[in-house]
Structures are given as structure tokens and as C-alpha cells.
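A.B. asks: Starting off with a structure, shown below.
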Amino acid sequence: MCSDVLKTTATAFRQFSQVYNSILISVLLLLTFSQGLGCMSLPLSEFFPFNSTTYGFNTTEISDDGSSPAIRITNVGKDGKQHGFPLFQNHYETLYVNTNGIISFTYKESSYTPVDFPRNNSFPVIAPFWADIDIERVGGTVYYLESSDKNLLDLASAEVRKYFPYRRNYNAKWIFIATWYNVGHYQASDHRKNLRNTFQAVLITDWEQSFAIFNYNKIQWVSRKNQTSSGSREVQAGLDAGNGAAHYQIEGTRSALNISQSSNIGTPGKWFFRIDLTDVQFEPCMDEKLSVTPRFGHMLGGQPLTLYGLCFPQVESFTAVFKELNITFPCMVKDILIASCVTPMLYTTGDFTLNLNFSPKTSAFEEKFSVVNFAMAVPRVIREQPRQWTIGSEVFISWNASELPSSKFRVDLLGLELNGSFFKWHLVKNFHSISQHSMTLALEDNLLNYSTAIIRVLEDDNQRQLSFPVTLWSDIFPVNGGEKNSQERCEKWLAEDHPNLDINPNMCPCALRQASRDTSRYQKDPLCNTNSPNKALNCIYHPKATECVILNSKSTTNAGQSCCYGGRNNSLLEWQSHSDCGYVYRYNNQAQGDGIVPHLTHFESDIIPFLHCCMYSGKQKLCQKFFRWRPATKCNAYNPPSPAQAAGDPHLVTLDGKKYTFNGLGEFILLQDKSKSVVIQVRADQALDIDGKLQNATVFTGIAMKMKGISEIIEIEINEQTNYRLLLDEKEYKYEKLEFQGLTINIHENHENSTDIMVVFSSHELSIEIEVTPDVMNILVLMGSKALRNNVEGLLGNYNGNISDDFRARDGTIIPTSSSMEDIHYKFGNTWRVAAKDSLFSKSYKPATTEEDNYQPVFIDKLDENNLRNGTIKLCGDVAPCRFDFQVIGKPSVALAIKNFVAKFSALKKDIEIEIRCPSIEFLENGNMTISGHLPGDYALFQCDPGYTHFHAHQLLCLSNGTWNGTVAKCLKSVANTGQPEVWYYWAGGTGALLALILIFLIIFFKFRRLSVRQTFRKDDVPLPPIVRFHKTPQPIFTNSLFLQSLQRLHEGGDFRIPRPTFIDPKIYEDYF
């Protein structure tokens, strides 16, 4: 009865708290207290541990008005500094536990008489039950523990996530537990000494956000006489900052006998507060703003969502809608704080507005939800030995049963019908009432009606009859009917009309090292990459590849391409050596629109025909024909992206490669295009030395980005406690990966006390890598877009390939690149300062302390190399930015960070350099080729089909200058096997040319002999150099041994060469021709 009333009144309170907050608090407490002493309070089993020997709890001294000794709160943050407990926007390093039911910070609170909150000119206190407690004469024990024990931290994290659902990723780092167990009141009369109180205060923090829990088990007294009238003011419960402002006093607790039956979270005897902010946040859904976890899901649906941040109405269910798609689906209310939904099947990807059908409809009931490509989804149904999945075979699948809310499952084998922009899964076979988490099934002939199939496992509960059940999906897979079936499918596909594709197949990076670095234009192929979570499926369609990449963006006709790497040095695989190379796609796997479903259309139009023609048919000729319509990718025309750097005490390298240093203070345009469709801003704060003193140098501490077509403003900033903060439209996110339409964010926390954040804007062929350290933010920009060439401005120059005009000021004035750093600072850099109205940075950003009026930048070209700090050369070597930063800032960690980043930038530039490589070789008609690669030292072998004969070399070698050492072979019909006139012409022409040459040779020979006899008696005889040596006895040329030996060596050196003299005296022609 009590809990029901409490739940009902709490529900009413939360639904209307914004309008009638103060009135309903009183109503709630009156209704709650009216239930009397018989209501249940919080059981001790739901307290945090407090007297267990496992954790080594301490106890206060046994004395009246006693206290614990000073308890140091120890934490070294990622910045290497000492940080205390976050409370009321400050940090405190010392606390005391007082026997009178209070925890105080900095100073010991010894008063046994509670006062009203707020208090002025005092110190912070947390008071679960401040009263005149006597554990010396009446009895009781006060336990306390400071801990970082994993079990306790996990318990604390779970509590925060449960009652503050918008903190779904909260991970506690420190916990403090204080418990007053069976304590009595001072001077209690004999017959009241058996009245005891038990309560607990728990402090939780991750060193950024802090929470306090008050747990009440039994409260049997509030004063010496147990008065509960309004005149009794012997108890105080709440929190106070001691500054006369920030506080929270639990209403009615100045005579709080019934506090164990009240709550602010719907659980009698439990109160929960967030306490790191300026004011206490005492209502978990007080913001009335919808949040959704997870914020993205794949388009096939069946994914559970958790909704929180609101106080949900007291109904069983309601509906939600993806507003732009007008697709409605049901949601279930779990309790006042949490609701759940299951996503429906969708036909598109992108960012959509999830709206709850509450009345009145406001933006508070909306949240952005990203529908991502199914290719990016991790299969939840595992296909074992997927390469063996052919028609007629029995196959094995498994899944994690705990991911489904049922003990009985249904398994469906589905075939895909794809008709334009509409797709439908047809049931081929299903299995009901499966209780295990794996099974074997047969792939039967009826599956041959489809090209693509999938398996799903879902809840099998006839009673619930869910329209949108939680569903686990396998990957989509091809229907393989064997060689003959694949030959027929391939030939049918080849007979269809195929449009010309508006994409250059020669644009792939030549090596994997280039491809993995060119994040501005390429991303890892989700079906073939070394980070794939499912090794059995990885590169299943490119088995000889180490990794493949795909274009980030699509062409105007939605085409795309893949590039695959393997073999020696992980070079680009080309079709002549590997049939599982990359190739041009009719549809980029992200393409969508009229008649196009993301990934599914690509799978059916590109991957399925490739598999049937090149992998399943067993016919190389079919594969060659496939590549006529889907050209194999090459790297003949690859141009690396342009890298830029902004790091340390900002040392910049423009997109055209000009180096300079700019010590501006404030917010600046790092890069923007002239139409403002791409805007990147940076914030620079004054640098601190090793003692925390401001220096005449700056470092980047924040970056904010806005792109056309992407709704969110992305903001990243240094944070002392958590190293970094990532905000999208001023809302903080803590995910390892975020995906939106045209935007991908990947976060990797390093062991070296730094975090790497990669932001890729695929539609703009632009990537930004941000390295966040405790001291400085280092930024690396990669620009691959041709559209932005000669169209950008800001601190990174104008990106036209010419460094001489990189220092273009906002007014168009060009500063010579030979200018002093002081001129560059004031005449170029400072002109790109951001006006306050144009700033992308959120108002919540808290800049470091600065002395802007006294700031005088130091310039790197005035650095005295002969007067450096001790240890500079040992620390920095010959890295000039490192030497400068150490000299000006005096902090080794800053100098070392820029030294490492300069090395990282240099490695990137080396990795994306164009390599020496021999050109690709086109199709060998009527023959086969074996090509080991295209790097110097690789070879190409040519083999003609039966009935065909080689022309040119059988073998080519790739030389060190990037050329083949001969001409590519051709295969022509052999004369013996055909009477075709065109082949006869080749042989007749070649034979005639050889006979003509021999005839000329003989004529010259005999003419020469006659001339030598005729001119025996001339006085001006000049002997001619011999063409061949003759025997004393004249003999035919074909009996000359030297000539015959030369004929036997005609095949050497590759090409067929007819011997001819290298020099003939012109007089021969004058005399004889």
C-alpha cells in the first residue's frame, strides 16, 4: 500500500514538476508521510556493504561528537596533477566523517546542533541525518571506507546508470561509504534507548561527475523525545556548499521521522543526487529531454532501444515515429524513468528524428537517431564455415541466447526480393520452438529462386504477438548452386545491358600503407579488413587479400570502387594476377535513392555477379568478361592527399607544405572553404609550465567543426579529468565509434596517456585526426578533395599546390613566405580570428585562465640556439619545434608531445608517397598471364592458348625505373591450325621481309667482291670494314658459321630481332644502289 501510493505520487510529481514543482513537493511528502510508521523502508540488503571484513572498513572513535581522522582523497588525473572530489564546481582533497550523521570537507564539523541550509562563509557538508547522536553512551557504530575496489565500483556505476539513465556509460573511479548503524540519540531516556537509526551516505565519482546516495533503513527517533511536530528542528538532511547559495535540503526533514519512507527516485528510503554541478540535481529526469541508447542502429531493424531522460506517463505503451520517414512503431513503459522500443525495418540510412507521440508535442520529446548501413553491422547469428555454404549441404549456425528476451526462439531462412528501392525478405524455411542456441539446417533447392539470403533468429512467443520483436541477424550471403548454376547466372548477367560507369578505375592507392593512411578518401571495406570481429567472414569474397578499402564518396551516378591488397609488400592486387582483386562498383555500398537500397542493391548488382563469374563458375574467361563491365581497379592515376599539421605551441604546416609558427591567443579559422560549407575552428589558450604558471606561448585546447549536409556541430576539447570531451550540438558523447550520414568518428585511447580521435567527412573527402594529451591538442588534416582545391582559406593556406601565396590574409593581402614570424603572426594569422557571433564553440566550454592583456608572444625565428635550457638537446635532438616549445614553455611533456607528433607527421608523408611501380598490363587475348606483382623485381609470364603462338616476349621483368623490360606478348592463331587470311598475312609478311633482307645481304656481298677486284690497282684505296668474316674460299652466307651462330641466338633478350648491320658506309649505297 505504502509503496503503491509513493509510486503513484512520485509519478504525478515527475510528470508536472516543471510547472508545479514547489507545490507538489509538499503534496508528495504529505501523502508519503501520511502512511505512518508501518511502511517498509530500504532493506539492509540494498545498502552498500558497510561492515564486511572483505573490504577492511574503518570505524570512528567511540565518543560523543567524535569524528574520523582527516581522510585524503587521492587521485592523479591524466594531466599528472592531483585532483580531489568534485563537489559544487570545486575539488576537495580532504573529508571527515562525524558521528553526528554528517560528512564535511576541508574542515571537521563538530556541532551536534543542525542548522538550516544554506550556510554562509562555511565549508561543504553532506548530511544524510545530521542530529545529536551519541554512540559512546547510547550505542551504535559508524563505519567508513574509501575504495577503488572493482566490485564496489561496478556496483556504484550500475546505481548511477539505473537512476540517471542519461549516464548510460558512466564508470565510477572512486567510492566512499559511510554508515551509521544502530545509533541512538544523546540523552535518550531509558525506555527510548532501544530506539535506533540506521542510515548510509555513499559518494561516487569518476573524477568529473559526482553523485551522492542516502540510504535509510530504520529511522526510529528524530529527537530526544521523538517529537515530530513542526516545532521540532533537531534533524537536518541534505547537502550544502557553505557559500550561502548552493544547497539542497530534503523538504520536511527538520523533523524527519518518515524520511525512510520517502524518496526522489520512487524507491522508499533511497535518495539520489548529482552533486558536482553548481546546484544539486535531485531529480533524475528534471531536464525533461529525451535520450536514446544506442543512438544508431542498422536498417534491417529488430534492435532494442532504451529511452530515458523524461518522466514517462503511467501507461503501458505509446508510439514513436521516425518523423522524416513517417514510420511508426510501439514502445513499452518499464517504469517512470525508462521505456523501451524495437526498431522497425527501414529502407534507407541517415539521420532521422525519433519523436514520441506525447501531447503536447515539443522538441523535448525528440532525439536524433542514425540508421547505418547493414554492411557495418556485426552479425549476431554466426554462420560456421561460411565458405562451404552451397545448395545441398547442411550448415551450422549459432547465436547468443541472452540477447533475446525469451527462452524459445524461431529461426527463419529468408531470400531477398529486390525491386528498385523496395526490398522484401521471403520466407524460404523456418523452425519453431528452438530452445538451444545453435542448430543445423539444410540448404535446399528452393533457395535457388533467390540470389541473396539471410538468417534471422527472434523471439517465439505466441502470447505476446509482437509486431516488432527483438531480432538477431546473420550477414547477408550469396546463394551458391555450384559451378554449372554459377556459369548460367554469370552468362545471364553478361547478356544484360550495363551502363558506362563515371568513375576512374585507376585511382586506387598503390599500396596498403597508402590506402590505410588516405582516410580522406578511403575507408576500410567492412567485408574485408584486419579489424573484422568475425574472422571466418573476413575477406570471404577476396580470399587472397589482406585487406580492401572502398571509396568514402560515390560518383554522380552512385558508382563506387574497391581496392584490395596482398602479396609482396601488401601491394594493390590486379586482376591479371588475382581474380579476387578490387573493381569498380555499379553502386557504392552507401548509395541510396530511387531504385537503390544501401548495401543490398550493391550486393546484388556487384558482389553477386563477381562471385558467380570469377569465384564459383570455374571459368576464367567468364571472369575476364565480367571485368569488361566492372573494370578491375588500378593505381596508374593515383594522387596522394595533401596533409597539414597544427600542433604544439602551434607549429603549422599548410596544405601546400609551408611550415610556420603562430602563437595566437583565442579562436581562429583553421580551415574553411569560401562558401562556408566546410568550417574548422580552433581555440588556443596560454600554455602552463611545469609549475602551472602561464607562459608567453599558446597551445590548441579545442577544435570545432561544421560541414554542409551534417546537422551536428562537432566539438572536442581537452578536459583535465577525463582527458577529452566530445560534444555533438553541445551534448556530450562517450562512445568508441559514432556513425552518421557523411560523418564517422572513431576514438582510440592510447596507453601513452593520450587519445586519438579520427573525424572523417566522407562527402567532402576530408579527415581530421586529433591527438589529445593532458597539455596540448595536436591536429592532422588530410585533404583529398579536388573540389576544394584553390577554394579554401585560413591558417592552413589556400591549397593550390603553391606555397608562395599560402599566407593570404582575410582581406586578400598576400604576405611573403619569407616574412618574419612576427609579421606572419600579426599580418596573416591574427586576421583569421573568429568573431564571437561566428564561434562554433559551445557556451559550456571552460577555457583555461589567461592573462590576455599581458600576453606577448615569443617568435621562433628569435630563438637563441646558443642559450637553450639544460637538457634541450637530449630531449629534442634536432627537432626545432621541440626545442622552441621546451625553451618557451619549460615543460618536457609539451616538448615531447610535439617531437612525437612531428615524427608521426613525417611518417604519414612518407607512407603516402607515390611508389615506383610498373604499369598495369591489359587483357591477354587468347592466352593466360601470371604476374607476380608490379614492383621492381616482379615478373610477368605469358602463355598462349592451344592453337595460338606468341609474338613478343614470353616473360617480362619489372625494372627499377618502373618499366617492363620489353613489349607485352600477343597471341595469334598458328598457321598450321587455320587458313584465315589475316594470319597468313602476318606469316607471309614476316617471311618476305626476312628473305628480302637476305637478298640485300647477298647483293652487297657479291657487289663488294666485284668492287674489290675492279679497284685492285687504285691508288686511293680505302678498305671497307668487314660485315662478316669470310673464308679464303668463297662460300654461301648460309654456310658461314658466324652467321649461323647469330641466327641461333635470335630468341635471346626477349623480342624477336632480325640481325642487321649497325653501320653501313653511305658510299656503298652511292656506288651500288
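Glycine is treated like the rest: Cβ placed from N, Cα and C.
This is the feature table in TrEMBL:
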| type | residues | note |
| --- | --- | --- |
| TRANSMEM | 23-44 | transmembrane segment |
| DOMAIN | 128-278 | domain 'NIDO' |
| DOMAIN | 482-630 | domain 'AMOP' |
| DOMAIN | 642-840 | domain 'VWFD' |
| DOMAIN | 916-973 | domain 'Sushi' |
| DISULFID | C944-C971 | disulfide bond |
| TRANSMEM | 984-1006 | transmembrane segment |
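Explain the structural surroundings of these features, please.
C.D. replies: Per-residue pLDDT, averaged along the domain 'NIDO' (128-278), amounts to 86 for this model.
C971 (disulfide bond) carries a strand DSSP state (E or B). Here C971 (disulfide bond) comes close to L924, E925, N926, G927, F942, C944, D945, Y948, T949, H950, F951: these same-chain residues lie at least six apart in sequence, with C-beta atoms under 8 angstroms from its C-beta.
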A.B. asks: Helix, strand, coil residue numbers for the domain 'AMOP' (482-630) per DSSP?
C.D. replies: 48 helix, 25 strand, 76 coil
A.B. asks: Of the stretches 128-278, 482-630, 916-973, which racks up the most C-beta pairs under 8 Å with the domain 'VWFD' (642-840)?
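C.D. replies: Highest pair count goes to 482-630.
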A.B. asks: Using all protein chains in view, find how many other C-beta atoms are within 10 Å of the C-beta of C944 (disulfide bond).
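C.D. replies: Here the count is 21.
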